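One structure is given below, encoded as structure tokens.
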Amino acid sequence: MLKHERTEANSHPYDQNRTSSRYHLSQQTVNLCALSTSGDLLYARRVFHTIQSPNTFMWNIMIKGYSNDKNPEGAILLYNQMLHNSIQHTEYTFPFLLKACAKLARLEETEQIHSHIVKTGFSSDVYSANSLLHAYAKSGKLVSARCLFDRIAERDIVSWNSMVDAYVKNKEIEAACRLFNQTPVKNVISWTSVIAGCVTSGSFKDAIHIFQKMQIAGVIPDSTVLASILSACANLGALDQGKWIHAYIDKNQMQIDEALGCNLVDMYAKCGDIVDALKVFRTIKNKGVHTWTAMITGFAIHGCGREALELFRDMQKAGVKPNQITFTSALTACSHAGLLEEGKFLFESMQRSYSLTSSIEHYGCMVNILGRAGCLTEAEELIKTMPMNPNATILGALLSACSIHRNFDLGKRLGKTLIEADPNHAGRYIQLATTFAATGEWDQAVKVRKMMKDRGVTKFPGCSSIELSGVVHEFYVCDWSHQQMKEINLMWDRIMVRLRQVGYIPMTGNLLLDLEEEEKETAIHRHSEKLAIAFGLINSEPGTKIRVVKNLRVCEDCHTATKLISEIYSCEIVVRDRTRFHLFKDGKCSCGDYW
DNA sequence: CTAGGGTTAG
């Protein structure tokens with residue numbers, strides 16, 4: 001096809017008196033259009049096709065232009081044309097071409113190009129080898145990538161970094177760290193790769209630790225690594241660390257690009273500081289969909305449904321189109337704030353006005369919204385009529401709604417289905433046992449507990465963390481290893497005395513039935529958030545906000561106790577749950593007791 | 001004219 005077009009161009013009258021300077025002009029035009037970010041690839045291609053016999057340089061430029069495009073397919077097509085026309089390669093041809101293959105994760109083409117590289121004698125070119133390594137990694141061919149890496153005679157820093165990144169992207173974090181440690185000379189990209197690897201694998205503390213080592217090694221952070229670290233801070237709820245990064249950015253007058261701004265907003269929001277999140281958000285110019293979505297999510301997890309929806313409208317006024325994730329955030333906002341009608345409207349408009357397909361997550365949000373409002377039949381109906389099979393999350397959401405609205409028949413049915421579907425999930429057994437207990441069917445409840453025990457299913461350990469002067473302290477259920485455990489126990493005893501004075505009764509009904517009543521009390525008082533709160537009260541000035549981050553959802557007893565503690569000690573306690581924030585103040589919680 | 005690193009939900 002391409003050849004044909006060129007033949008047509010050749011017959012064009014202007015081409016009859018083509019001069020050398022005209023050729024240069026075309027060359028420059030192609031160059032400019034194909035390479036500049038604001039360039040016009042289509043136009044470059046048109047001009048390219050008017051050139052009778054473009055040299056390799058021009059072909060390379062065109063391939064490069066395509067390799068940077070959203071759809072780099074054209075690079076491969078052009079390369080085929082090049083082969084077809086017997087155009088000679090240069091060492092510049094392969095890196096661009098392989099970049100396109102990498103983007104498209106095209107293994108077959110990568111392998112073919114590999115053999116071309118060998119045949120044409122470019123195997124020793126480190127640029128081509130590194131590009132090839134990267135393309136193999138993107139196709140998931142770790143073994144081929146490593147094999148190639150081992151054979152590169154003169155490995156440079158890019159070879160090492162690409163191989164580390166190959167392990168990271170294929171979820172082999174340990175191998176990545178091993179290779180990183182062997183890397184002879186490291187730059188900021190080397191460090192970023194392992195740090196990002198830690199972040200994606202959930203090792204947030206490791207990420208921060210490695211970042212500190214990076215600074216000790218004298219490597220200057222750039223905005224990419226800071227974006228990763230901010231994400232780690234957001235996940236940990238490490239506000240002080242995050243603020244330090246923000247100050248670093250300001251002090252060094254670093255440009256706040258989309259990703260950095262987005263992560264700053266996300267960090268403040270997830271660390272419980274919605275005011276600063278909004279402050280940063282407002283200063284960001286040219287906000288893209290990521291940034292808007294991060295802020296909407298921030299409002300959502302704080303239970304600020306109205307604000308989230310208002311921002312959703314502002315976003316569209318600003319001409320930014322919401323994507324599927326934006327809708328998940330907006331719907332989550334509705335579910336946490338109990339906005340039934342708004343949620344329904346959003347869910348419908350998503351397909352109608354934005355032609356976005358609803359994923360199972362969106363249906364999940366709707367089930368939560370309907371479930372919270374007590375529309376259980378409607379929620380069940382939605383699950384039945386949705387185009388995909390329900391997963392455990394969605395049925396779990398309906399089950400929670402059943403418990404809240406005391407629809408035990410449906411609850412029991414769902415509980416059984418869920419255990420069958422996911423027999424290693426402890427929470428499902430507990431949900432079902434609790435449902436039986438609620439209807440007085442103790443023997444059934446015991447049976448479910450026993451089934452869980454027999455199958456060796458164990459609860460995911462609850463963990464709460466609290467940041468104190470830049471250090472994140474973690475507490476696990478029934479873990480006594482913290483240095484200050486003695487003081488924490490004494491503090492908790494004192495808290496208990498005052499709690500009982502205001503009429504608090506430990507809620508032990510939902511606990512393991514084979515424990516004595518006293519043991520049950522001990523067990524719930526070892527819940528990680530209670531340890532963290534006691535620790536926070538010991539180590540901070542009276543009146544200081546106490547911020548706790550929990551990996552699971554807060555239990556009802558802890559929720560009640562924390563409300564009372566906020567009143568007794570006149571302090572604000574912010575607990576970040578698995579799904580949202582709870583701001584405890586004057587004996588009340590911002591979630592309105594629905595979570 | 002070359003190669004490698006980041007973000008929003010659940």
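Each position is counted from 1, following the chain as shown.
Just so you know, glycine gets a Cβ as well, placed from its N, Cα and C.
Feature list (source: TrEMBL):
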DOMAIN    A:503-595  domain 'DYW'
REGION    A:1-20  region 'Disordered'
REPEAT    A:55-89  repeat 'PPR'
REPEAT    A:125-159  repeat 'PPR'
REPEAT    A:187-221  repeat 'PPR'
REPEAT    A:288-322  repeat 'PPR'
Can you tell me which parts of the same chain pack against the repeat 'PPR' (A:288-322), counting only residues 6+ beyond its ends and a CB-CB cutoff under 8 A?
258-259, 261-263, 265-266, 268-270, 274, 277-278, 281, 329-330, 332-334, 336-339, 342, 346, 354, 356, 576, 579-581, 583, 590-592
Provide the three-state DSSP residue tally for the repeat 'PPR' (A:125-159): helix first, then strand, then coil.
26 helix, 0 strand, 9 coil
At a C-beta cut-off of under 8 Å, are there same-chain residues at least 6 beyond the repeat 'PPR' (A:125-159) that contact it? List them, or none.
91, 94-95, 98-99, 101-103, 105-107, 110, 113-114, 117, 165-167, 169-170, 172, 183, 185-187, 189-190
In the same chain, which residue numbers or ranges, 6 or more beyond the ends of the repeat 'PPR' (A:187-221), come under 8 angstroms Cβ to Cβ?
157, 160-161, 164-165, 167-168, 171, 173, 176-177, 180, 228-229, 231-233, 235-236, 238, 241, 248, 472
I'm checking region-level scores; what's the whole-number mean pLDDT for the repeat 'PPR' (A:288-322)?
96
Can you count helix, strand and coil residues in the repeat 'PPR' (A:187-221) using DSSP?
26 helix, 0 strand, 9 coil
